[in-house]
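Report on the following structure.
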Amino acid sequence: MNGIKHIFITGGVVSSIGKGLTAASLGSLLTMRGLKVFIKKLDPYLNVDPGTMNPLQHGEVFITEDGAETDLDVGHYERFLDVDLDRTANVTTGQVYSKVITLERTGRYLGETVQVIPHITDEIKRRIRLAPDDIDVIITEIGGTVGDIESQPFIEAARQIRREVGRENCCFIHVSLVPFLESAGEQKTKPTQHSVAILRAAGIQPDALVLRSDKPISSANQKKIALMCDVSAVVNAVTVPNIYEIPCVLNQHGLDKFVIKHLDLEAGEIDWSYWDDVLDAIENNRSEIEIAIIGKYTGLPDAYISVIEALRAGGFESKTKVNIKWVDSDDENLEDQLENINGACIPGGFGIRGIEGLIKAIRICREREIPTLGICLGMQCMVIEYARHVVGMHGASSTEFTDDTQWPVVTTMLEQRDILIDDQFGGTMRLGSYRAVLSVGSLAASLYGTTDIHERHRHRYEVNNGYAQRLVERGLIVSGRNTEQDLIEFIELDRKDHPFYIGTQAHPECKSRPKRPHPLFKGLVAAALARKEIAEFNSGKTVLQ
């Protein structure tokens, strides 16, 4: 094996077809065979990063250890490969053009006419090749759909890389939809044929096809697609109820073996130990609970995809299936919506819309002693609710929502004030991994099993230290601080007053893994399960174990 091998994942017919999960699953399979894999996503949009994009359009923003605001697929990569990626794992058209224009303005092109080819494509190729020195394979997912005008420079850059490294060192996998028409009663292969034709017109002949469908594709149709697209390796990836089955599906169809042979990789036998326990927990769960995600963007579950997966992982060890109940913070019937839930999670967000609903929901959870985890904005709203209804600071709020509030219990971070004045919103928050010191004997410390931790952050507002003492005097516990900046990172209630009530300024969902569930989510699931078992015991439905 000579040099780094490249695998490119493209998509056809429709977007959101599963390219990211295909890339993550293939990366997991190669990793389980002992290969060192680096994986990245190319996003064709002109935004520099997704940090300022509407979550209802784009989905969640996933934060890396080094503080990059990235596409949600990077979260899938980290969870499936059990790795921590950095900012080089997500490349956007905005980043590429910004860099090229900066180079042009500083005279680095020595008077050349700056063009898409070669200058833009050269910068894309440079970013594709960025990876640790000991990597065997770079998997690159090209976002969007072939034929999109925005994707063309990325497709061309990938074609050039194949030419430069040699066909034997490069593998193109095209993920395409094979739709089933109910009216005709049959699956249609033409969309995939046309998609591959567009790819071939761009100079790329795919080496393998991953055909997405809700129903199995007949052998005849698979052979037809193979013939018409001139591709021998055809995999039918039928929709599965659990995304962690996808590596098994691809392996059963031999995709990883094909890639290894095509690229002449020195790979060992596959080690399924990473997934065996996870799949066993999913398929053989012993109990079920319902946890409400109370948020501003519940219309698009992808806006909270890492929270969803962290909650699911939180139940794997105890073989507890976590069912999600979506509760919109603008819902007028919050009391009824939260009536029979076993636990609640209030994730992050921005802006004033839905805030009063969040505060109302948090009060319900606190007073009903529902196990509750607040994340980022969720923690801030927990503080606001407590200040209003326990401490008596009527009208308490955050300066994010109300500039002239009498009780700004949540306020703009000092270093963020000038940034906001200058309207510099992109990439300027407190981003990345920061240290927190937890109070000995606190719920937080007991969950983490240590008092010295690091978590990923994405915020520009903080709990106001000026009101901390009044909150503490009335029972709110400040259980974790960043000692370098004296920032409040964790709050909670005493376990004598509430079975599980904790908030963090961080985004712990970004560090959860299927085999290593995050302690906060694991704790929430355990508390929710205990609440359910106690309720069933009291109603005579079951006997406590």
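Residue numbers in this text run from 1 along the chain shown.
Cβ from N, Cα, C; glycine included.
According to Swiss-Prot, the active site, nucleophile annotation covers Cys376. DSSP assigns Cys376 (active site, nucleophile) to coil in the three-state reduction, placing it in neither a helix nor a strand. Within the same chain, the residues at least 6 positions away from Cys376 (active site, nucleophile) whose Cβ sits under 8 Å from its Cβ are Pro347, Gly348, Gly349, His457, Arg458, His459, Thr504, Gln505, Ala506, His507, listed in sequence order.
Sequence annotations record features per position, and here Swiss-Prot assigns active site to His507 (among others). For His507 (active site), the count of additional Cβ atoms within 10 Å of its Cβ stands at 23 [all protein chains shown].
All protein chains shown were included, and the count of other CB atoms within 10 Å of the CB of Glu509 (active site) stands at 29. Annotation comment: Swiss-Prot describes Glu509 (among others) as active site, evidence class sequence analysis.
Marked as CTP binding site by Swiss-Prot on the basis of sequence analysis: Ser15, Asp148, Ile149, Glu150, Lys188, Thr189, Lys190, Pro191, Thr192, Gln193, Lys224. Taken residue by residue with DSSP, Lys188 (CTP binding site) is part of neither helix nor strand, so it is coil. Over all protein chains present, the Cβ of Lys188 (CTP binding site) has 15 other Cβ atoms lying within 10 Å.
Annotation comment: Swiss-Prot describes Ser16, Ile17, Gly18, Lys19, Gly20, Leu21, Asp73 as ATP binding site. Reduced to three states, the DSSP call for Gly20 (ATP binding site) is helix.
Among the features that Swiss-Prot reports, domain 'Glutamine amidotransferase type-1' is placed at 290-534, with the record citing sequence analysis.
Within 8 Å of the Cβ centroid of the ATP site, not counting the listed residues Ser16, Ile17, Gly18, Lys19, Gly20, Leu21, Asp73, the chain contributes Gly11, Thr22, Ala23, Glu141, Val175. Closest in space to Thr192 (CTP binding site), of the recorded positions given as Ser16, Ile17, Gly18, Glu509, is Ile17, taking the CA atom of each residue. Annotation for Asp73 (ATP binding site): same-chain Cβ neighbours under 8 Å, separated by at least 6 residues, are Lys19, Gly20, Ala23, Ala24, Lys41, Glu141. The binding-site residues examined here are Lys19, Lys190, Lys224; by Cβ neighbour count within 10 Å, the least packed of them is Lys190. Maximum intra-site Cα distance, ATP binding residues Ser16, Ile17, Gly18, Lys19, Gly20, Leu21, Asp73: 12 Å. Take the Cα of Glu509 (active site) and measure to each of the binding-site residues Ile17, Lys188, Lys190: the nearest one is Ile17. With respect to their backbone Cα atoms, Lys188 (CTP binding site) and Gly18 (ATP binding site) stand 19 Å from each other.
In this structure, the C-alpha atom of Lys190 (CTP binding site) lies 19 angstrom from that of Gly18 (ATP binding site).
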